[in-house]
């Protein structure tokens, strides 16, 4: 008879235990790949290029690189050190440093929650495009905006209001298209199910999944980059992307704010998961 439990343990083994009884990463590589996952995502694939282009390219990198060295790297070291030393996530780790710092850990959780509530729906949008990409002729060809509003989000035009002869309102504006879209809800539920499958048995499963979830995006990025630079007039697009240096923009606060904010999305610091990942290392790991 088929032994389901044995098959499950073969695919999703229980994690190793450290000296103190806490789960431990299967290998150093799995820990590094999981940490890299904080940088490989929408924050770098979509948000980073748009931020560079919207801020005219090259001068944007001056505050960006400064923010990496002055903010991102010190925070990264702090999160990894506290998570590994106190063997706990952000709330417990900061609380172990000092009880007054517990709010910092709670803030990390709140930040992660605020980001994930709109990142996961974005995955739903991506999956709708992914499904339509298997057709012979792309459904959005020649109708990009219409495809987004009609097929992806299924936006329904509002019914306009009306005034009566005396200047009063006889009918207010109504929005009939405020219900849930079945396909998007399904893709969102599927995304959360995949997340649950990847963490249901702790780092024993996560340490295996990261080889696919991190390795595959890297391969895809290399393919897309190679395809992009091989297209006609690619060099013109690269020049347009980088723009021309305009030092006067460095005097404004908008450029510095955009670059500093992007650093947190690019590196993943401030969300607390570096502490959570490091807590599954042994205390002597270096």
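Just so it is clear, glycine is given a Cβ too, placed from its N, Cα and C backbone atoms.
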Quick one: sort out which of 31-49, 145-163 is the transmembrane segment according to TrEMBL. 31-49
Which of these ranges is annotated transmembrane segment in TrEMBL: 10-29, 210-229? 210-229
Annotated transmembrane segment segment (source TrEMBL; candidates 184-203, 244-263): 184-203
Considering only the recorded stretches 31-49, 61-82, 103-130, 184-203, state which has the highest number of Cβ pairs under 8 Å to the transmembrane segment (210-229). 31-49
Distal contacts, the transmembrane segment (184-203) - CB-CB under 8 A, six or more residues away: 12-15, 23-26, 30, 34, 120-121, 123-125, 127-128, 152-153, 209, 213, 280
Excluding the flanking five residues on each side, which residues at least 6 beyond the ends of the transmembrane segment (61-82) place their CB within less than 8 Å of a CB in that stretch? 52, 90, 93-94, 96-97, 250, 255-256, 259-260, 262-264, 266-267, 269-270, 272, 274-275, 278
